[in-house]
Structures are given as structure tokens and as C-alpha cells.
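Some features that TrEMBL has for this protein:
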TRANSMEM  100-118  transmembrane segment
DOMAIN    120-290  domain 'Cation-transporting P-type ATPase C-terminal'
TRANSMEM  124-143  transmembrane segment
TRANSMEM  237-255  transmembrane segment
TRANSMEM  267-287  transmembrane segment
Amino acid sequence: MEKVEKILVMARSSPFDKLLMVQCLKRKGHVVAVTGDGTNDAPALKEADIGLSMGIQGTEVAKESSDIVILDDNFASVATVLRWGRCVYNNIQKFIQFQLTVNVAALTINFVAAVSAGEVPLTAVQLLWVNLIMDTLGALALATEKPTKDLMEKRPVGRTEPLISNIMWRNLLAQALYQITILLTLQFRGKSILGISQWVNDTMIFNTFVLCQVFNEFNARKLEKKNVFEGIHKNKLFVGIIGITIVLQVVMVEFLKKFADTERLNWGQWGVCIGLAATSWPIGWLVKFLPVPEKPLFSYLSLKNLKCM
């Protein structure tokens, strides 16, 4: 157990030696991948977290014991598998961050408004509309990002690491706090500040909230990088979905008055909504300068730490 992490090469090892090495590495908390093509590799392939076998020269026993079969027997394909696996994991994190921001902001806004004023700014139909376009179109936009070279430069994710990292918490809490602040300001002071009616004010709250999510969708593309527009021209589906979302929102506000409980907005009011929503870009850029601890956020609240205190 003590020497297993120092081993670099194992020559003329038996099937039991390979299996023992995999078991020791897993006990140390590592995520273990094993490649093999022979029958004697089967125990190690089956024991490993990820077993990769060769499709042409590999035996049937090895293929059945593995999780992934490399069809062309090219070892370089392992890097491709790893890159796409990390890409899928990263895209899932992007969508979770995006979705949590929407839910935290919407829940807080409606809860505070209901408790303090006895009415909610976002109706059931409007919330349903937000969930419809953000859950479906948002998922398609963020889940179709292709793998990049920088994914291979990151360290592997441990089996005990949380899916929602500290970086994600930093990003989503900053955006959610901004959205809550501006929307509650519109809720309680919008009529006096802008000199508008209650119906127009409610429509601007709904419109600003949706546009905030559209702009925040760009922020969600990059969890750590400050340039959220990098490589956006390569993802035409993302650009198309953003365009479709904006068109649907315009239709919802301007033409579906009875269905969505909205009022038509003039150019100035649209400008205010877009300006407030676009502010999420510089906020997303600035917040990425803030360092985050490597230790998971919720580990500070564990029972063990509380006892030590």
C-alpha cells in the first residue's frame, strides 16, 4: 500500500500483480483506468473504475470485462476518450451552475415579494415559460460544447469531489445575488424610478429576468476563464439557440399579452431591460478574479469539523 503510488513500471507481472495494484490504488482513493487485450488482463479490467480493451487484437474475455472497447487498437484513442469524458462532465457542471442560478434567483424573488408585499412578481405561467426555455434550450446550448485542449491540462477529478465545485458556487451566487438585487429593486421602487404603471413594471421584471438568463448563458460557457466568448463562433448551435430564445421572448412580451400577463414595452423600456441584463457580463468577468479555497465548501460544515470547534 505504501509503495503503490511510487511504482512507474511493472515488468513481467502476473494477473494477480495487476489486480493487486488496481485494488491498492482504489483503496488510496484514486480513480483507476486499465488497458488490456489478453485473457490474463480480465481481472484487472473488471476491477478498475474504467477498463479499456482493444477491439481488433483483444480477446472476447477482455472485451466483456472492460467498459470501453477501442475499435481501432490505437492507444492514442484513449486520449480522445478521456477528452470527451471530461467534456461531458464539464458540460454537466455548466448546466448545473446555469440552472441553479435561475432557480435560486426565482425562488428568492418570489419568496421575498410574497412575504413583504403579499404578491409575486413572476406568475405561474411566466415561471413555466422560464423553465421551458431554460431547461430545454439552455440544456441544448450548454451540453453541445465540444472538447477543448485545455481540458487535458486539468487535474483528474477525484471520486469524493463534489459535482458542484467552489468555483461554481462563486459564479452562481454572484449572478443570483445581482439578479435578486435588481429585480427586487424593480419590484419595490420600479414604478417611482421609471414612472411606469404596475402592469408595465411587472412585465419589465419578467423581461429582465429572462434576459438575465440569456446573458448569463454566455457566462456559464466558461467556469474559470474570463473570456466567455472564446470559441463561440465554432458552436453555431449555441448561437442559434440564443437567437431563438430572444425571438420567443419578444413574442411572449409583445404579442401574448393575455396568455403571459404582459404589457407591450417601448424601445426605452427594452433598453433598460437589456442594459440591466447585460451587466451580468462584467460582473461575471470581475468575480473570476476572486480566489476560491480548494477544500469543498460544505466540508467546513461537516460534523467532524463542528466537533473540533
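Glycine is treated like the rest: Cβ placed from N, Cα and C.
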Selected stretch (most C-beta pairs under 8 A with the transmembrane segment (124-143)) from 100-118, 237-255, 267-287: 237-255
Whole-number mean of pLDDT values that fall within the domain 'Cation-transporting P-type ATPase C-terminal' (120-290): 90
